[in-house]
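A.B. asks: To start, I am sharing the structure in question, which I have written as structure tokens.
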Amino acid sequence: MDAQEGIKKRRQSGKIPTLVGLISIILISTLCGIVYLINDILPTPLYIEDEVHNPERFIAERAQNSLIKLVAIGPRVTGTDANEIQAVKLLRLEIAEIIENAHKNQKIEFDQQVVSGKTESWNGVHIFENVQNLVVKVHAQKYSEHSLLVNVHFDSAPTSPGGSDDGINCAVALEALRKIGNSPITYSHNIIFLFNGAEEVGLLGAQGFVTQHRWSREVKFLINLDANGVGGKIMLFQAGPKQEQFLKYFSTVSLPHAQVAAEEIYEYLPSNTDFTVFTKVGRYAGFDLAFVRDRQKYHSPFDDNNIPLGCYQHVGDTLLKLLKNLANASVIAEINQIQNSNDSVYYDFLGLFLVHYTKTIAIVINVLCAILSVLIALKGFYDFRIKFSRRFLAYIVVTFLGLALGWALAAAFAITISFILKAQDYKMIWYGNSWMIWGLYVVPISAVSCVPIAVFKRFIIKDLTYNMHTQIQMHLFRVIWTVLLVVGTCMGIRSSYVVLIPVLFQTCAFMSIHFTCSQYTERVWQILYLIFSIPSVMFLIYVILLITPTATTVSGDLYINPELLVALIYLFLTLLVTSTYVPFVTLLQRSYIIIVTAMGIFLLFLILVFTPITFPYSSSNNQPSPQKFTTYYANNILRNETSNNIYGRHKNIFNIGDYNAEKTISKYIREPKFNEDNDLIPLTKAVKLQLDSKIYLSSTLMQYNFTIEGPSAMNFKIETINNATIKSAKIYMTNEDVILQSNVTQYEIRYNRGKASLPLKMVFKVYLVKHGYKALQLNLSGFYQYKLSDVSIPYYDEYLKSFPTWTNVDAKLVITDTWTF
């Protein structure tokens, strides 16, 4: 009996008391708070009064003053007076003041580009006219054909004053221009600042600069500053061609913030920045930086000038450091000799320093780490005398199945919860309450994955202690992630570093454990393992914090089940983090207390789902999370195809929103009474079309000459009828002619205008099959921002008033007219 008690005591050596386990979980949980605080670290902002002692430093207060003036204009939509006159005047005044007060050593040149042109995409042609760009060039010390480009845009989304998107970056660019202009120091390369006025309507300002500005050909490197959220630290989330040669310069900035994972995720999101135009059309190398926090405020009235001064300082310090280093860098002059390489791996560690290396080096690191991981696992098996016998193989298989079963149960649980919430119509409660993800998914996933481990410890073979069994489980978990690391490496996924970090630190932990022969001890190996786990767990928590703003907002806009998507994202991330510690359940006394407590927390959060506390939308100034809608009030003018006389009108209202949009509309929105005399869009707002002439060039070829006049945003659908074919087509604008594709039967054309212009002229040459029959049908739509227009429609006003206060509605008018010739 004594011998059996001794064996049992030896097997259970190293067990962890329940209270110690609870305290350890609390301490590990505090890592979340520590990471959150670290993520919130911003540089100390400098005020104008500090400039005396910091003449070369970026002054955050002055940039803030510039933003306050820009935001005061209100929404700056391309084609409106706010954007084309007021914003341009404000920026021109500041630029003129900077040039006037610049140091005598500096040669600064200003150009106001008014540009027209076209872009082509899969869904047709996008024509733009009189788009405005304000361009400032700080010349190099000696003549140089090489320039750096800083791009920002001063237009905004229709319902937003554009504080972060992209007002703050305009203000930062002005201050950076001022600091460079005031300095006696000159550089080897030119620095160009581009303030473009048409990003939100299709990246048109960038397109106009790249294709037509006289300075565009000398640009070798781009720094694009934009926003996909509000506030926080600006993140490098895309790096263009020739990445590795320039990432070393980014690593020198203070508090670098960069993740290649964001670059790979962004490729699948339905949005673009000017960076796309600059890298694909201009073939520039460069960096794309953006704010990514608080995405609920993005493109809403809450994106104003209420941005911490530290945000200005961070992006300002980052920009100035990059410009000063790159403006003297020989790599700019040699850039054409450098091979393109879009394959660097880069990420910051807690915002403290940047790690970057080429994809080739990443393969070497990942493979070496995988080999070491497997070898240290085999070493662990060998030390614990696990041989290739049937009994030991059965033990390994059962242990592995226990771990896999835990993950399978966790996955089934998370997916089930997502479907329950969807079925009960409580979708996206995490949109404005991201903390709910912790209680609904993270905690129960962690607990459920522990259940098989707690149960299967009864099947440990007698040769092993609980300490040994725990270490073997850790080895098996790490080998699973190692396999995933190898798969990700073979697939060329640069974001595999998210798996590399925990695998690497756990491998190092066990190398240390085996080097010190601590694997046989009761506590020493546990302490070593926990110490090595801290950096990797903090890094993973940091990645989760970075992903959350995008995951909780974009998921609702993708028209798939957002609850399931969020459940799967946090299932993966939770298992990646918790697999570091889950094997300790084997050593935990009365582990069921921990598991039951975790499930109790889950039940509490589940109850909160059904209370007003977790309603996903809010218009509170403290933590706003408005539900966003784009609402179209559309009128179609009905014409007789033979005479083109109007015989009626047709109206329709439709909305575009997130996954909950249909629920909100059915619950709150009521269509008011309609009065045909007052509630139709005035005919004067329709696109005006005039047939100037119709000329027979031959018996089968007809030339149509049209004049078109309308608002700053229009769509044209032009198609042939009666088997006709358009031989050629040309559009004449104020300062540009656009030739369209020849020998087609249909055009889809989108049109945007900046400054006011003369009416468009269109010329079509059409092959006729049936002589004397009509050959062309023109469907012309004019778009207006309702709240920025001079139109008042009682019916539409009442409709918009029915939207709850916690919504943000981008109200548009669309009037469509169809002519046949």
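Residue numbering: from 1, along the chain as shown.
Note: Cβ is positioned from N, Cα and C throughout, glycine not excepted.
Positions annotated as transmembrane segment by TrEMBL: 16-38, 361-381, 393-415, 435-456, 476-494, 500-520, 527-547, 567-585, 592-615. Positions annotated as domain 'Peptidase M28' by TrEMBL: 133-322. Under the heading domain 'Endoplasmic reticulum metallopeptidase 1-like C-terminal', TrEMBL lists 683-819.
Mind mapping these onto the model and telling me what they sit next to?
C.D. replies: Among residues of the same chain six or more beyond the transmembrane segment (16-38), those with a C-beta under 8 A of the stretch's C-beta atoms are 350-352, 534, 537-538, 541-542, 545, 581, 584, 587-591, 593-594, 597.
Per-residue pLDDT, averaged along the domain 'Peptidase M28' (133-322), amounts to 95 for this model.
Within its own chain, the transmembrane segment (361-381) has Cβ neighbours under 8 Å at 345, 396, 471-472, 475-476, 478-479, 482, 485-486, 488-489, 494, 496-497, 500, 503-504, 506-507, 510-511, 514, 519, counting only residues six or more beyond its boundaries.
Long-range contacts of the transmembrane segment (393-415) within the same chain, counting only residues at least 6 positions beyond its ends with a Cβ under 8 Å from a Cβ of the stretch, are 381, 386, 441, 444-446, 448-453, 455-456, 459-461, 469, 472-473, 476-477, 480, 564, 567-568, 570-571, 574-575, 582.
If you look at the transmembrane segment (435-456), the same-chain residues 6 or more away from its ends with a CB under 8 A from one of its CBs are 398-399, 402-403, 405-407, 409-410, 413-414, 417, 421, 429, 473, 548, 552, 566-567, 570-571, 574-575, 578-579, 582-583, 585-586, 588, 591-592, 594-595, 598-599, 601-602, 604-606, 608-609, 614.
Within the chain carrying the transmembrane segment (500-520), a Cβ under 8 angstroms from the stretch's Cβ atoms is held by residues 365-366, 369-370, 372-373, 376, 379-380, 383-384, 467-468, 471, 474-475, 478, 481-482, 485, 528-529, 531-533, 535-537, 539-540, 576-577, 579-580, all 6 or more beyond its ends.
Outside the transmembrane segment (592-615) by six or more residues, the chain places 18, 21-22, 25, 421, 426, 429, 432-433, 436, 438-440, 443-444, 446-447, 450-451, 454, 585 with a CB less than 8 A from a CB of the stretch.
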A.B. asks: What else in the chain is close to the transmembrane segment (527-547), if you only count residues 6 or more beyond its ends and a Cβ gap under 8 Å?
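C.D. replies: Residues 28, 31-32, 34-36, 38-39, 235, 259, 261-262, 265, 292, 349-351, 474, 498, 501-502, 504-506, 508-510, 512-513, 516, 518, 569-570, 573, 576-577, 580-581.
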